[in-house]
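Trainee: These came from TrEMBL, pasted as-is:
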TRANSMEM  20-37  transmembrane segment
DOMAIN    22-406  domain 'Major facilitator superfamily (MFS) profile'
TRANSMEM  57-76  transmembrane segment
TRANSMEM  88-107  transmembrane segment
TRANSMEM  113-134  transmembrane segment
TRANSMEM  146-168  transmembrane segment
TRANSMEM  174-196  transmembrane segment
TRANSMEM  227-251  transmembrane segment
TRANSMEM  263-281  transmembrane segment
TRANSMEM  293-314  transmembrane segment
TRANSMEM  320-344  transmembrane segment
TRANSMEM  356-376  transmembrane segment
TRANSMEM  382-401  transmembrane segment
Amino acid sequence: MSRAARPGPPGGATPGRIPLPVFLAIAFLSTVAPITTDLYLPSFPQLAADFGVDETGAQLTLTASLVGIGVGQLILGPASDRFGRRRPLIVGAIICCIAGAVAVFSPTLPVLIAARFVQGATGAAGMVIGRAVIADISTGATAARAFSLVMTIGGIAPIAGPVLGGFIAGPLGWRGALVIVFALTVGMLVVALVAIPETHPASRREHFRKRAAEDGSALRDLRSRLFIGNALICAFAFAALMAYVSAAPFLYQDVIGLDPAQFGLAFGANAVALVAATFISSRLAVRWAPRRILTLGLVIMAAAAASFALVALTGMPAGLMALCLPLFLGGFGLVQGNAVAAAITAVPRAAGTASALIGFTQFALAGISTATVGAGSVSLPVSLSIAFGICLAVLLAGFAVSHQAEHGSHAGSVG
């Protein structure tokens with residue numbers, strides 16, 4: 001499959017290198033949606049009391065934001081392929097600011113839920129278009145390193161959100177927390193206006209406007225086995241991660257026997273392992289091919305999942321499961337950034353749509369995995385082991401498909 005020539009990097013930078021100001025802008029944009037999603041979580045009890053609802057009512061505002069992020073990526077990713085990167089990003093940021101202001105002054109819970117949905121959908125512009133910009137101006141190890149660093153920063157954001165929100169909740173309440181969220185969306189608009197160049201020229205947009213069935217259509221690129229294989233890795237690795245996240249409170253406290261404070265420390269330590277692994281991946285990308293790092297991560301994930309299942313199925317001391325999980329998350333940290341880079345850079349003419357499909361699929365599968373872990377008659381550790389096993393089976397299948405495409409048919413298409 002032939003690929004369209006890539007546009008040069010902005011600002012006269014060396015081809016293949018991402019200018020530092022652009023990278024920092026992308027990193028900031030990638031954090032806005034995650035951190036604004038959960039910054040106000042510690043204020044949920046006050047929010048519920050103010051509107052006279054129970055916990056479920058307050059949680060609907062979070063659900064609306066998460067659903068919005070998934071839907072927004074499906075809209076804004078393809079829009080950035082058709083109209084360029086800057087216009088959808090700027091329009092999304094403007095609407096996000098308006099929705100943020102509505103959220104702050106919401107008179108009723110339904111208005112707040114609607115505002116949070118719109119805020120999530122338009123805030124997703126930073127995530128999905130930021131990934132596309134990286135794919136526009138970098139390839140190979142440079143792209144893998146950039147994606148890993150962005151994921152490191154993005155991984156810190158949802159962890160830091162509730163922590164910061166805890167300091168805000170007392171003196172400012174939930175409306176004060178949403179004022180901070182609004183300020184971040186204003187920052188998103190400023191960054192979009194002044195720091196993100198147009199990296200998707202009109203010549204490449206013409207390919208996207210063709211119908212998918214036509215020769216030369218950018219949408220046909222999405223049938224690439226190289227893209228499909230790596231996209232499967234991205235989606236099911238994230239589903240496995242979210243299965244762990246949803247099971248963790250019950251696993252650590254009810255099964256292993258930790259108290260809430262000890263659980264917080266254990267969960268935080270695992271998060272540090274994930275962030276450290278993504279940073280290590282970015283450093284290894286200087287010396288190793290992205291495929292090699294991805295392979296190492298898959299081996300670590302598989303070994304950790306097998307060890308976890310062994311403990312769960314044989315009745316060994318439950319505390320041993322806690323030793324497997326940091327390794328599993330470390331493997332994920334090596335896998336995800338490199339898989340995202342490989343998937344999106346495989347289809348440069350449709351990078352925005354590719355980014356959107358990956359993001360939406362991740363959120364959809366995460367919803368399924370979190371809803372099914374713990375369901376049924378088996379114990380939670382066994383249920384989580386099954387979830388890990390299913391996800392890893394698809395991960396390895398995706399790895400095989402992409403490996404064959406890379407070394408055999410050179411990204412041949414499906415269908």
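The backbone N, Cα and C atoms fix where each Cβ goes, and this holds for glycine too.
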Trainee: Count, for each of 57-76, 263-281, 356-376, the Cβ pairs lying under 8 Å from the transmembrane segment (320-344), and report the range with the highest count.
Mentor: 263-281
Trainee: Excluding the flanking five residues on each side, which residues at least 6 beyond the ends of the transmembrane segment (356-376) place their CB within less than 8 Å of a CB in that stretch?
Mentor: 66, 69-71, 73-78, 124, 127-128, 131, 222, 231, 234-236, 238-243, 245-247, 250, 340, 343-344, 383-384, 387, 391
Trainee: Do we see three or more Cβ pairs under 8 Å linking the transmembrane segment (227-251) and the transmembrane segment (20-37), pairs being at least 6 apart in sequence?
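Mentor: Counting Cβ pairs under 8 Å, fewer than 3, so no.
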Trainee: Mind checking which residues reach the transmembrane segment (382-401)? Cβ under 8 Å, same chain, six or more beyond either end.
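Mentor: Cβ under 8 Å, 6 or more out: 225, 228-233, 236-237, 239-240, 243-244, 247, 251, 294-295, 298, 301-302, 305, 308-309, 312-313, 328, 335, 369, 372-376.
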Trainee: Restricting attention to the domain 'Major facilitator superfamily (MFS) profile' (22-406), give the mean pLDDT.
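Mentor: Averaged over the domain 'Major facilitator superfamily (MFS) profile' (22-406), per-residue pLDDT gives 86.
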